[in-house]
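Here is what TrEMBL records for this protein:
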- B:25-48: transmembrane segment (TRANSMEM)
- B:H41, B:H84, B:H127, B:H172: heme binding site (BINDING)
- B:68-90: transmembrane segment (TRANSMEM)
- B:111-129: transmembrane segment (TRANSMEM)
- B:159-186: transmembrane segment (TRANSMEM)
- B:198-218: transmembrane segment (TRANSMEM)
Amino acid sequence: MAETTASQKKLVKFIITRQDSPDSASYVEEFEIPYRPGMNVISSLMEIQRNPVNVKGESIAPVCWESNCLEEVCGACSMVINGKPRQACAALIDNLEQPVRVQPMKTFPVVRDLVIDRSRMFNALKRVKAWIPIDGTYDLGPGPRMPEKKRQWAYELSKCMTCGVCLEACPNVNDKTDFIGPAALSQVRLFNAHPTGEMNADERLDALMQDGGIEGCGNSQNCVRSCPKGIPLTTSIAEINKQTTKHMFKQWLGV
Amino acid sequence: MLIFENVVYEKGVRQFMKGYYARKLHSLLGVIPLALFFIEHALTNFGAFEGGPSRFNAGVKLLNDLPLVLVLEVVLIYLPLLYHGVYGLYIAYQAKPNNGRFGYERNLRYLLQRVTGVITFVYVIWHVYETRIQVALGNVTHEQLGSVMHDIVTQPVLFTLYLIGVISASFHFANGIWSFLVSWGITVGPRAQRVSSYICMTLFVLVSIMFVLSLIAFRRVEFQEASVWIDTVKSVLS
Ligand code: HEM
Ligand code: SF4
Ligand code: FES
């Protein structure tokens, strides 16, 4: 018990960028919450939810956020923490400089406070057909096998959780462009590498050779430095550059 | 059938103007012919450093003796430069740099590629106006270009601006080649991209040194040539 009282005296300061509705202006609110060992940004937000009082002692509407898995696999809790986009559930307070500044990923439409709308990413996956069409009226039988070596690197690409961090880090994903962003480009590489997915490779490349496709990449390479899953995004992008280039020449030469 | 073709045609044009192909053309023109011309230009100018006016003038003469030189100039330099430059300004305008938040080296080069592109745009207009356009207007002859340069770079402010111009253009050229190799899927893996970074940045330093030495060479008194037209250029500049 004595230990709890001692650590309760220690406070963690938060500076949170809030927004009441999609169209309203954002504002900054400060909070101080008691330190607990092992706490992270999500557990801190839960604490604010339990006791929604800001640093001035005013009772306020609790801060809204989104989370699911709490183990950095669903991608729902992405936000900008101390300037860098990352998963709040994996952001341990012990490893963060204080005060902790928390902002929504403004590359996406803000729904409320830290909740953003990542629909554009799911639409992008639909646009590039990031799946393998095997459904039909009869059993097509087993597909071709995938070489183990390829499976190993393809597995890394399959770890993408559509969290949006790479789009937030990209200087070419903004309101002046309609660049699809790194995540979907890497998914095209994944599905084009699959022995069955390969059969629809051209369709995916065609989708990336439309307005807002792969040409939007400007090689800042922030994405690969930011991806929490360590996905080799810039290798994927260069590989898709190669595939689209080949596809273009094939089309022109009528092969 | 005609309607069908029309639709295909319109779709084709629209697709071209907006997306992938327009950007690919921008990228291609950056290397062929622009980067190739840039290397040629660096070599000719370096002749001024190495062999003085006679060598430089020989280089200028060699180029001007090419058949259909005006056609070559327009097709291989002006049109590609116009397209690459204008589209490049648009690309630069579309960027939302975030170097404060992401202070990585590649991100810095991303920013510099755009900044040096804009500087190069302004610089090239100014430089072409002072040299090629003055020749076209009949104010100077090709043989007098060395002394035109002498007259410009002996003025400290203009010399500084020229230094900024040539160093910016050299960076844009060298880093552009790095970026081109990625954009066409030639350097794919991290190691290939790292090695090509070293090569391209070495190229940047070498080409910059060549241009700076040429500018210094043009300051030498042997490029001076007192005649009426210098006063003309001076009055244009002032
Ligand atoms: C006239 C003014 C110019 C402007 C405004 C301009 C602008 C740009 C911009 C913004 C890019 C970045 C494209 C990207 O990374 O997505 C670029 C790329 C490039 N520029 Fe320029 N540029 C100019 C002149 C030149 C010149 C004179 C050269 C030749 C030495 C050149 C060679 C290149 C190359 C090789 C690339 C790389 C293409 C790629 O990454 O796909 N540019 N330019
Ligand atoms: S590629 Fe990485 S950063 Fe981008 S959405 Fe997927 S997991 Fe997130
Ligand atoms: S809650 Fe799933 S990644 Fe953070």
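Placed from the backbone N, Cα and C atoms, the Cβ positions cover glycine too.
The heme site in the record is lined by B:H41, B:H84, B:H127, B:H172, and its two most distant CA atoms lie 18 Å apart. The stretch from B:25-48, B:111-129, B:198-218 with the most CB pairs below 8 A to the transmembrane segment (B:68-90) is B:25-48.
Here the transmembrane segment (B:198-218) has long-range neighbours at 38-39, 42-43, 45-46, 48-49, 52, 146, 149-150, 152-153, 159, 162-163, 166-167, 169-171, 173-175, 177-178, meaning same-chain residues at least 6 beyond its ends whose C-beta is under 8 angstroms from one of its own. For the binding-site residues B:H41, B:H84, B:H127, B:H172, the largest tally of other C-beta atoms within 10 A is found at B:H172. Close to ligand 1, meaning a Cβ under 6 Å from one of its atoms, are these of the binding-site residues B:H41, B:H127, B:H172: B:H172.
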